[in-house]
Amino acid sequence: MSKKFTMTLLSSSLAGLLVMSGGVSAQEEKYTVPYAIGEGKWGNTYEVVKTGGNGNFRYEVKEKNGKKRSLFTFDSKGDVIINGSGITYTIHDGALNDFAQTAEKKKNGQSQSHRMTDSVVRDVYNKVYSLQRTKITGFSVEDGENGKVSLGSDAKASGEFSVAVGTGARADKKFATAVGSWAAADGKQSTALGVGAYAYANASTAAGTAAYVDGSAIYGTAIGNYAKVDENATEGTALGAKATVTNKNSVALGANSVTTRDNEVYIGYKTGTESDKTYGTRVLGGLSDGTRNSDAATVGQLNRKVGGVYDDVKARITVESEKQKKYTDQKTSEVNEKVEARTTVGVDSDGKLTRAEGATKTIAVNDGLVALSGRTDRIDYAVGAIDGRVTRNTQSIEKNSKAIAANTRTLQQHSARLDSQQRQINENHKEMKRAAAQSAALTGLFQPYSVGKFNATAAVGGYSDQQALAVGVGYRFNEQTAAKAGVAFSDGDASWNVGVNFEF
(Lines of atoms letter the chains of each structure in order from A and count residues from 1; the text may use other names and numbers.)
(Lines give C-alpha, C1' and ligand atoms only; values in the text may rest on other atoms or scores of the structure.)
Protein backbone atom coordinates (compact mmCIF):
# COMPACT_ATOMS: atom_id res chain seq x y z
CA MET A 1 0.00 0.00 0.00
CA SER A 2 1.40 3.44 -0.99
CA LYS A 3 2.99 5.68 1.64
CA LYS A 4 1.83 8.79 -0.26
CA PHE A 5 -0.78 10.79 1.57
CA THR A 6 -2.84 13.90 0.97
CA MET A 7 -4.17 16.13 3.72
CA THR A 8 -7.93 15.95 3.28
CA LEU A 9 -10.41 18.20 5.06
CA LEU A 10 -13.15 16.18 6.67
CA SER A 11 -16.44 17.52 7.84
CA SER A 12 -18.39 15.89 10.63
CA SER A 13 -20.00 13.61 8.05
CA LEU A 14 -16.67 12.15 6.83
CA ALA A 15 -15.23 9.22 8.79
CA GLY A 16 -17.29 10.19 11.81
CA LEU A 17 -14.91 12.99 12.87
CA LEU A 18 -16.15 15.97 14.81
CA VAL A 19 -15.32 19.58 13.92
CA MET A 20 -14.77 21.36 17.21
CA SER A 21 -16.05 24.89 17.60
CA GLY A 22 -15.91 27.56 20.22
CA GLY A 23 -14.48 30.99 20.89
CA VAL A 24 -11.72 32.45 18.78
CA SER A 25 -9.03 31.91 21.41
CA ALA A 26 -10.01 28.27 22.01
CA GLN A 27 -11.16 27.19 18.55
CA GLU A 28 -9.50 24.09 17.06
CA GLU A 29 -10.58 22.57 13.76
CA LYS A 30 -8.91 19.20 13.19
CA TYR A 31 -7.91 17.90 9.78
CA THR A 32 -6.98 14.24 9.34
CA VAL A 33 -4.38 12.57 7.17
CA PRO A 34 -5.65 9.53 5.19
CA TYR A 35 -3.26 6.61 4.82
CA ALA A 36 -4.52 5.85 1.33
CA ILE A 37 -6.92 7.67 -0.96
CA GLY A 38 -10.42 6.31 -1.42
CA GLU A 39 -10.19 3.22 0.82
CA GLY A 40 -11.57 4.73 4.00
CA LYS A 41 -8.46 3.75 6.00
CA TRP A 42 -7.08 6.62 8.00
CA GLY A 43 -3.53 6.67 9.38
CA ASN A 44 -2.36 8.23 12.62
CA THR A 45 1.03 9.67 11.60
CA TYR A 46 0.18 13.41 11.35
CA GLU A 47 -2.56 15.71 12.54
CA VAL A 48 -3.21 19.27 11.33
CA VAL A 49 -5.05 21.52 13.76
CA LYS A 50 -6.29 25.02 13.03
CA THR A 51 -5.63 27.16 16.11
CA GLY A 52 -6.67 30.71 16.84
CA GLY A 53 -5.53 33.45 19.14
CA ASN A 54 -6.35 37.17 19.05
CA GLY A 55 -8.04 36.62 15.70
CA ASN A 56 -4.84 35.29 14.05
CA PHE A 57 -5.39 31.73 12.81
CA ARG A 58 -2.56 29.28 12.14
CA TYR A 59 -2.19 25.63 11.25
CA GLU A 60 -0.15 23.42 13.55
CA VAL A 61 1.27 20.10 12.32
CA LYS A 62 1.57 17.45 15.07
CA GLU A 63 2.67 13.86 15.33
CA LYS A 64 -0.32 11.84 16.52
CA ASN A 65 1.73 9.07 18.08
CA GLY A 66 2.32 9.32 21.78
CA LYS A 67 2.51 12.92 22.99
CA LYS A 68 1.45 14.49 19.72
CA ARG A 69 4.67 16.53 19.43
CA SER A 70 4.25 19.81 17.53
CA LEU A 71 6.43 19.89 14.40
CA PHE A 72 5.84 23.43 13.13
CA THR A 73 3.16 26.11 12.69
CA PHE A 74 2.29 27.89 9.45
CA ASP A 75 -0.08 30.73 8.61
CA SER A 76 -2.68 31.17 5.88
CA LYS A 77 0.03 32.30 3.43
CA GLY A 78 2.07 29.12 3.87
CA ASP A 79 4.81 30.90 5.87
CA VAL A 80 6.64 29.21 8.75
CA ILE A 81 8.10 31.82 11.13
CA ILE A 82 11.17 30.83 13.21
CA ASN A 83 12.44 33.26 15.85
CA GLY A 84 16.10 33.10 16.92
CA SER A 85 18.39 35.34 18.95
CA GLY A 86 17.63 38.67 17.37
CA ILE A 87 16.98 37.05 13.94
CA THR A 88 13.68 35.96 12.39
CA TYR A 89 13.64 33.36 9.63
CA THR A 90 10.73 32.84 7.25
CA ILE A 91 10.19 29.64 5.25
CA HIS A 92 7.56 29.84 2.53
CA ASP A 93 6.13 26.69 0.97
CA GLY A 94 3.59 26.74 -1.83
CA ALA A 95 2.02 23.45 -0.74
CA LEU A 96 1.38 24.81 2.76
CA ASN A 97 -0.24 27.89 1.26
CA ASP A 98 -2.31 25.66 -1.01
CA PHE A 99 -3.46 23.58 1.97
CA ALA A 100 -4.47 26.65 4.02
CA GLN A 101 -6.51 28.07 1.15
CA THR A 102 -8.13 24.68 0.56
CA ALA A 103 -9.13 24.58 4.24
CA GLU A 104 -10.91 27.92 3.87
CA LYS A 105 -12.70 26.86 0.67
CA LYS A 106 -13.95 23.62 2.31
CA LYS A 107 -16.22 25.65 4.56
CA ASN A 108 -18.03 26.94 1.49
CA GLY A 109 -18.42 23.50 -0.06
CA GLN A 110 -15.73 24.12 -2.69
CA SER A 111 -13.14 21.65 -3.97
CA GLN A 112 -10.92 20.09 -1.27
CA SER A 113 -7.98 19.11 -3.50
CA HIS A 114 -4.49 20.39 -2.60
CA ARG A 115 -0.80 19.54 -3.07
CA MET A 116 0.46 18.99 0.49
CA THR A 117 1.96 15.50 0.99
CA ASP A 118 3.91 13.71 3.69
CA SER A 119 7.14 14.53 1.84
CA VAL A 120 6.25 18.24 2.05
CA VAL A 121 5.78 17.93 5.82
CA ARG A 122 9.10 16.15 6.25
CA ASP A 123 10.94 18.64 4.01
CA VAL A 124 9.60 21.70 5.87
CA TYR A 125 10.33 20.10 9.25
CA ASN A 126 13.94 19.39 8.22
CA LYS A 127 14.39 23.07 7.29
CA VAL A 128 12.86 24.22 10.58
CA TYR A 129 15.03 21.81 12.57
CA SER A 130 18.20 23.04 10.82
CA LEU A 131 17.44 26.75 11.29
CA GLN A 132 16.55 26.27 14.96
CA ARG A 133 20.05 24.94 15.53
CA THR A 134 21.87 27.50 13.38
CA LYS A 135 24.12 29.88 15.28
CA ILE A 136 25.41 33.16 13.83
CA THR A 137 28.38 34.63 15.67
CA GLY A 138 29.59 38.20 15.55
CA PHE A 139 26.06 39.52 14.91
CA SER A 140 24.56 42.12 17.19
CA VAL A 141 21.29 44.03 17.01
CA GLU A 142 20.31 46.60 19.62
CA ASP A 143 16.57 47.16 19.78
CA GLY A 144 14.94 50.44 20.63
CA GLU A 145 14.82 53.88 19.06
CA ASN A 146 18.63 54.06 18.83
CA GLY A 147 19.12 50.57 17.40
CA LYS A 148 22.55 49.64 16.06
CA VAL A 149 23.59 46.69 13.89
CA SER A 150 27.02 45.05 13.77
CA LEU A 151 28.08 41.90 11.92
CA GLY A 152 31.56 40.40 11.94
CA SER A 153 34.39 39.63 14.28
CA ASP A 154 35.22 42.70 16.39
CA ALA A 155 32.71 44.79 14.41
CA LYS A 156 31.38 47.72 16.44
CA ALA A 157 28.40 50.00 15.76
CA SER A 158 28.49 52.59 18.56
CA GLY A 159 26.67 55.53 16.96
CA GLU A 160 22.89 55.91 16.99
CA PHE A 161 21.26 54.04 14.10
CA SER A 162 24.71 52.97 12.89
CA VAL A 163 25.69 49.82 10.96
CA ALA A 164 29.07 48.03 11.01
CA VAL A 165 29.58 44.97 8.78
CA GLY A 166 32.89 43.13 8.46
CA THR A 167 35.85 42.13 10.59
CA GLY A 168 36.96 45.11 12.68
CA ALA A 169 34.43 47.46 11.03
CA ARG A 170 33.62 50.63 13.02
CA ALA A 171 30.61 52.95 12.80
CA ASP A 172 31.13 55.49 15.59
CA LYS A 173 28.74 58.35 14.82
CA LYS A 174 25.00 58.78 14.33
CA PHE A 175 23.66 57.33 11.06
CA ALA A 176 27.16 56.07 10.16
CA THR A 177 27.60 52.96 7.96
CA ALA A 178 30.80 50.90 7.64
CA VAL A 179 30.84 47.84 5.36
CA GLY A 180 34.07 45.90 4.84
CA SER A 181 36.89 44.53 6.93
CA TRP A 182 38.46 47.32 9.01
CA ALA A 183 36.22 49.92 7.36
CA ALA A 184 35.62 52.99 9.56
CA ALA A 185 32.79 55.54 9.38
CA ASP A 186 33.75 58.17 11.96
CA GLY A 187 31.59 61.11 10.88
CA LYS A 188 27.87 61.75 11.26
CA GLN A 189 25.96 60.34 8.27
CA SER A 190 29.24 59.02 6.88
CA THR A 191 29.57 55.88 4.75
CA ALA A 192 32.66 53.66 4.35
CA LEU A 193 32.50 50.77 1.87
CA GLY A 194 35.43 48.45 1.20
CA VAL A 195 38.39 46.93 2.98
CA GLY A 196 40.18 49.63 4.99
CA ALA A 197 37.90 52.41 3.72
CA TYR A 198 37.86 55.47 6.02
CA ALA A 199 35.15 58.15 6.06
CA TYR A 200 36.19 60.45 8.92
CA ALA A 201 34.28 63.64 8.02
CA ASN A 202 30.60 64.36 8.57
CA ALA A 203 28.40 63.47 5.57
CA SER A 204 31.38 61.91 3.78
CA THR A 205 31.56 58.79 1.59
CA ALA A 206 34.57 56.51 1.03
CA ALA A 207 34.07 53.52 -1.31
CA GLY A 208 36.88 51.21 -2.37
CA THR A 209 39.87 49.50 -0.82
CA ALA A 210 41.68 52.04 1.41
CA ALA A 211 39.53 54.91 0.10
CA TYR A 212 39.98 57.88 2.47
CA VAL A 213 38.17 61.10 3.40
CA ASP A 214 39.96 63.34 5.92
CA GLY A 215 38.05 64.42 9.03
CA SER A 216 38.16 68.08 7.95
CA ALA A 217 36.80 67.39 4.43
CA ILE A 218 33.07 67.70 5.19
CA TYR A 219 30.84 66.35 2.39
CA GLY A 220 33.91 64.77 0.80
CA THR A 221 33.48 61.76 -1.52
CA ALA A 222 36.25 59.28 -2.44
CA ILE A 223 35.31 56.44 -4.78
CA GLY A 224 37.92 53.98 -6.04
CA ASN A 225 40.77 51.96 -4.58
CA TYR A 226 43.10 54.33 -2.69
CA ALA A 227 41.03 57.36 -3.73
CA LYS A 228 41.61 60.26 -1.32
CA VAL A 229 39.99 63.55 -0.27
CA ASP A 230 42.73 65.34 1.65
CA GLU A 231 42.81 67.77 4.56
CA ASN A 232 40.45 70.79 4.34
CA ALA A 233 39.25 69.73 0.86
CA THR A 234 35.60 70.28 1.81
CA GLU A 235 33.00 69.11 -0.73
CA GLY A 236 35.80 67.52 -2.76
CA THR A 237 35.15 64.47 -4.97
CA ALA A 238 37.84 61.94 -5.92
CA LEU A 239 36.57 59.48 -8.53
CA GLY A 240 38.97 56.77 -9.72
CA ALA A 241 41.77 54.60 -8.38
CA LYS A 242 44.37 56.74 -6.54
CA ALA A 243 42.52 59.93 -7.49
CA THR A 244 43.34 62.72 -5.01
CA VAL A 245 41.55 65.98 -4.13
CA THR A 246 43.60 68.56 -2.24
CA ASN A 247 41.44 71.63 -2.90
CA LYS A 248 37.99 72.82 -1.85
CA ASN A 249 34.94 72.09 -3.99
CA SER A 250 37.12 70.37 -6.60
CA VAL A 251 36.80 67.11 -8.54
CA ALA A 252 39.61 64.70 -9.47
CA LEU A 253 38.20 62.59 -12.30
CA GLY A 254 40.02 59.42 -13.38
CA ALA A 255 42.76 57.15 -12.05
CA ASN A 256 45.75 59.04 -10.57
CA SER A 257 44.11 62.44 -11.17
CA VAL A 258 45.17 65.18 -8.71
CA THR A 259 43.48 68.59 -8.35
CA THR A 260 45.58 71.77 -8.54
CA ARG A 261 43.24 74.55 -7.32
CA ASP A 262 39.87 75.27 -5.69
CA ASN A 263 36.61 74.95 -7.66
CA GLU A 264 38.23 72.81 -10.35
CA VAL A 265 37.34 69.67 -12.30
CA TYR A 266 40.69 68.07 -13.19
CA ILE A 267 41.09 65.01 -15.42
CA GLY A 268 44.88 65.11 -15.84
CA TYR A 269 46.78 62.34 -14.10
CA LYS A 270 50.05 62.15 -12.23
CA THR A 271 52.83 60.32 -14.14
CA GLY A 272 56.07 61.33 -12.39
CA THR A 273 57.44 61.01 -8.87
CA GLU A 274 56.38 63.12 -5.88
CA SER A 275 59.19 65.60 -6.54
CA ASP A 276 58.82 65.47 -10.31
CA LYS A 277 55.09 66.34 -10.37
CA THR A 278 54.70 65.45 -14.03
CA TYR A 279 51.10 65.27 -15.26
CA GLY A 280 49.59 63.52 -18.24
CA THR A 281 46.47 64.68 -20.03
CA ARG A 282 43.18 63.09 -21.07
CA VAL A 283 40.67 63.98 -23.75
CA LEU A 284 37.16 64.94 -22.60
CA GLY A 285 34.81 63.62 -25.28
CA GLY A 286 31.10 63.46 -25.96
CA LEU A 287 30.43 67.16 -25.20
CA SER A 288 27.66 69.34 -26.55
CA ASP A 289 28.59 72.62 -28.21
CA GLY A 290 29.03 75.38 -25.65
CA THR A 291 26.30 78.04 -25.55
CA ARG A 292 27.48 80.27 -22.70
CA ASN A 293 30.72 82.13 -22.09
CA SER A 294 31.58 79.70 -19.27
CA ASP A 295 30.89 76.56 -21.37
CA ALA A 296 33.62 74.46 -22.97
CA ALA A 297 33.94 74.75 -26.74
CA THR A 298 34.06 71.55 -28.80
CA VAL A 299 36.44 70.82 -31.66
CA GLY A 300 33.39 70.85 -33.92
CA GLN A 301 32.74 74.45 -32.94
CA LEU A 302 36.38 75.35 -33.59
CA ASN A 303 36.28 73.59 -36.95
CA ARG A 304 33.28 75.63 -38.00
CA LYS A 305 34.84 78.85 -36.70
CA VAL A 306 38.19 78.22 -38.40
CA GLY A 307 36.36 77.28 -41.59
CA GLY A 308 34.52 80.59 -41.48
CA VAL A 309 37.77 82.48 -40.87
CA TYR A 310 39.41 80.59 -43.74
CA ASP A 311 36.59 81.45 -46.14
CA ASP A 312 36.64 85.10 -45.01
CA VAL A 313 40.43 85.39 -45.40
CA LYS A 314 40.31 83.68 -48.77
CA ALA A 315 37.61 86.06 -49.98
CA ARG A 316 39.53 89.07 -48.70
CA ILE A 317 42.75 87.88 -50.38
CA THR A 318 40.88 87.37 -53.65
CA VAL A 319 39.33 90.84 -53.49
CA GLU A 320 42.62 92.51 -52.59
CA SER A 321 44.44 90.60 -55.33
CA GLU A 322 41.90 91.79 -57.89
CA LYS A 323 42.25 95.34 -56.63
CA GLN A 324 46.05 95.17 -56.87
CA LYS A 325 45.88 93.73 -60.36
CA LYS A 326 43.47 96.40 -61.56
CA TYR A 327 45.57 99.10 -59.94
CA THR A 328 48.78 97.77 -61.52
CA ASP A 329 47.16 97.45 -64.95
CA GLN A 330 45.78 100.94 -64.69
CA LYS A 331 49.10 102.45 -63.65
CA THR A 332 50.98 100.49 -66.29
CA SER A 333 48.55 101.69 -68.96
CA GLU A 334 48.98 105.26 -67.80
CA VAL A 335 52.76 104.90 -67.84
CA ASN A 336 52.65 103.37 -71.31
CA GLU A 337 50.56 106.23 -72.54
CA LYS A 338 52.94 108.73 -71.01
CA VAL A 339 55.97 106.89 -72.38
CA GLU A 340 54.44 106.68 -75.80
CA ALA A 341 53.57 110.36 -75.67
CA ARG A 342 57.14 111.17 -74.78
CA THR A 343 58.89 108.99 -77.38
CA THR A 344 57.53 110.94 -80.36
CA VAL A 345 57.71 114.56 -81.24
CA GLY A 346 55.75 116.71 -83.59
CA VAL A 347 57.25 118.36 -86.65
CA ASP A 348 55.91 121.69 -87.88
CA SER A 349 55.66 122.57 -91.49
CA ASP A 350 58.80 124.58 -91.07
CA GLY A 351 60.64 121.57 -89.57
CA LYS A 352 60.60 122.70 -86.00
CA LEU A 353 60.10 120.03 -83.34
CA THR A 354 56.99 120.37 -81.12
CA ARG A 355 55.04 118.19 -78.72
CA ALA A 356 53.44 115.22 -80.34
CA GLU A 357 49.99 116.08 -78.92
CA GLY A 358 47.99 117.83 -81.63
CA ALA A 359 50.80 117.69 -84.15
CA THR A 360 49.91 116.76 -87.71
CA LYS A 361 53.24 115.09 -88.23
CA THR A 362 55.33 113.25 -85.68
CA ILE A 363 58.69 111.60 -85.77
CA ALA A 364 60.56 109.35 -83.37
CA VAL A 365 62.54 110.97 -80.64
CA ASN A 366 65.66 109.23 -81.84
CA ASP A 367 65.22 110.80 -85.24
CA GLY A 368 64.83 114.16 -83.58
CA LEU A 369 67.87 113.74 -81.37
CA VAL A 370 70.17 114.97 -84.11
CA ALA A 371 68.31 118.25 -84.02
CA LEU A 372 67.64 118.16 -80.32
CA SER A 373 70.92 116.87 -78.91
CA GLY A 374 70.79 119.58 -76.29
CA ARG A 375 67.57 118.10 -74.86
CA THR A 376 68.77 114.46 -74.70
CA ASP A 377 69.74 114.59 -71.02
CA ARG A 378 66.30 115.80 -69.96
CA ILE A 379 64.56 113.08 -72.00
CA ASP A 380 66.80 110.34 -70.50
CA TYR A 381 66.00 111.60 -67.01
CA ALA A 382 62.27 111.45 -67.68
CA VAL A 383 62.51 107.90 -69.02
CA GLY A 384 64.54 106.82 -65.96
CA ALA A 385 61.86 108.17 -63.61
CA ILE A 386 59.22 106.17 -65.45
CA ASP A 387 61.32 103.01 -65.18
CA GLY A 388 61.62 103.54 -61.39
CA ARG A 389 57.86 103.69 -61.00
CA VAL A 390 57.42 100.48 -62.97
CA THR A 391 60.05 98.77 -60.80
CA ARG A 392 58.31 99.81 -57.57
CA ASN A 393 54.97 98.53 -58.85
CA THR A 394 56.59 95.20 -59.76
CA GLN A 395 58.08 94.87 -56.27
CA SER A 396 54.69 95.56 -54.69
CA ILE A 397 53.12 92.81 -56.79
CA GLU A 398 55.82 90.31 -55.74
CA LYS A 399 55.36 91.23 -52.08
CA ASN A 400 51.60 90.63 -52.29
CA SER A 401 52.19 87.27 -53.99
CA LYS A 402 54.47 86.13 -51.14
CA ALA A 403 51.90 87.17 -48.54
CA ILE A 404 49.21 85.16 -50.33
CA ALA A 405 51.50 82.08 -50.41
CA ALA A 406 52.25 82.43 -46.65
CA ASN A 407 48.53 82.66 -45.83
CA THR A 408 47.87 79.54 -47.92
CA ARG A 409 50.50 77.54 -46.00
CA THR A 410 49.06 78.68 -42.65
CA LEU A 411 45.59 77.54 -43.67
CA GLN A 412 46.97 74.15 -44.73
CA GLN A 413 48.63 73.72 -41.30
CA HIS A 414 45.33 74.57 -39.56
CA SER A 415 43.53 72.01 -41.70
CA ALA A 416 46.02 69.27 -40.71
CA ARG A 417 45.60 70.07 -37.02
CA LEU A 418 41.82 69.99 -37.29
CA ASP A 419 41.99 66.57 -39.00
CA SER A 420 44.07 65.25 -36.07
CA GLN A 421 41.60 66.62 -33.53
CA GLN A 422 38.70 65.05 -35.42
CA ARG A 423 40.35 61.63 -35.24
CA GLN A 424 40.81 62.06 -31.49
CA ILE A 425 37.14 63.04 -31.11
CA ASN A 426 36.07 59.88 -32.95
CA GLU A 427 38.18 57.71 -30.62
CA ASN A 428 36.76 59.47 -27.54
CA HIS A 429 33.24 58.97 -28.89
CA LYS A 430 33.78 55.20 -29.07
CA GLU A 431 35.16 55.17 -25.52
CA MET A 432 32.13 57.08 -24.17
CA LYS A 433 29.75 54.65 -25.90
CA ARG A 434 31.54 51.75 -24.24
CA ALA A 435 31.18 53.50 -20.87
CA ALA A 436 27.46 54.05 -21.52
CA ALA A 437 27.04 50.36 -22.44
CA GLN A 438 28.79 49.34 -19.19
CA SER A 439 26.54 51.67 -17.18
CA ALA A 440 23.44 50.15 -18.85
CA ALA A 441 24.66 46.64 -18.06
CA LEU A 442 25.35 47.49 -14.39
CA THR A 443 21.86 48.98 -14.10
CA GLY A 444 20.37 45.61 -15.12
CA LEU A 445 21.86 43.77 -12.13
CA PHE A 446 19.31 42.65 -9.51
CA GLN A 447 19.75 43.13 -5.81
CA PRO A 448 19.06 40.25 -3.38
CA TYR A 449 15.51 39.84 -2.08
CA SER A 450 15.65 36.86 0.29
CA VAL A 451 17.05 37.54 3.77
CA GLY A 452 20.23 35.64 4.59
CA LYS A 453 20.92 34.61 1.01
CA PHE A 454 23.49 35.56 -1.55
CA ASN A 455 22.47 36.15 -5.14
CA ALA A 456 24.47 36.13 -8.32
CA THR A 457 23.19 38.05 -11.30
CA ALA A 458 24.31 38.95 -14.81
CA ALA A 459 23.14 41.50 -17.32
CA VAL A 460 24.05 42.88 -20.71
CA GLY A 461 23.78 46.44 -21.86
CA GLY A 462 24.44 48.42 -24.97
CA TYR A 463 24.69 51.90 -26.33
CA SER A 464 24.72 52.59 -30.05
CA ASP A 465 27.08 49.98 -31.56
CA GLN A 466 28.83 49.09 -28.27
CA GLN A 467 27.86 46.24 -25.90
CA ALA A 468 28.85 45.35 -22.34
CA LEU A 469 28.48 42.37 -20.00
CA ALA A 470 27.94 42.86 -16.26
CA VAL A 471 28.03 40.34 -13.44
CA GLY A 472 27.41 40.90 -9.74
CA VAL A 473 26.69 39.38 -6.39
CA GLY A 474 24.63 40.53 -3.44
CA TYR A 475 23.57 39.61 0.04
CA ARG A 476 20.51 40.64 2.09
CA PHE A 477 21.34 40.87 5.76
CA ASN A 478 17.77 41.44 6.90
CA GLU A 479 14.56 42.93 5.59
CA GLN A 480 15.96 46.46 5.90
CA THR A 481 19.56 46.04 4.79
CA ALA A 482 21.15 44.60 1.64
CA ALA A 483 24.40 45.07 -0.24
CA LYS A 484 25.53 44.28 -3.74
CA ALA A 485 28.55 44.69 -6.01
CA GLY A 486 28.96 44.44 -9.77
CA VAL A 487 31.52 44.75 -12.56
CA ALA A 488 31.01 45.40 -16.26
CA PHE A 489 33.29 44.59 -19.20
CA SER A 490 33.32 46.03 -22.72
CA ASP A 491 36.08 45.71 -25.32
CA GLY A 492 38.91 45.56 -22.81
CA ASP A 493 37.48 48.27 -20.53
CA ALA A 494 35.90 47.59 -17.15
CA SER A 495 33.83 49.49 -14.61
CA TRP A 496 32.33 48.50 -11.26
CA ASN A 497 30.04 49.56 -8.49
CA VAL A 498 29.26 48.64 -4.91
CA GLY A 499 25.98 49.52 -3.23
CA VAL A 500 24.18 49.11 0.04
CA ASN A 501 20.43 49.43 0.52
CA PHE A 502 18.60 50.54 3.68
CA GLU A 503 14.86 50.39 4.01
CA PHE A 504 13.02 52.24 6.79
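Every residue, even glycine, has its Cβ placed from backbone N, Cα and C.
Checking Swiss-Prot for transmembrane segment across the ranges 219-229, 296-306, 439-449, 494-504 points to 494-504. Range with Swiss-Prot annotation transmembrane segment, chosen from 191-202, 203-214, 467-478, is 467-478.
Per DSSP, the region 'Neck' (281-296) is made up of 0 helix, 0 strand, 16 coil.
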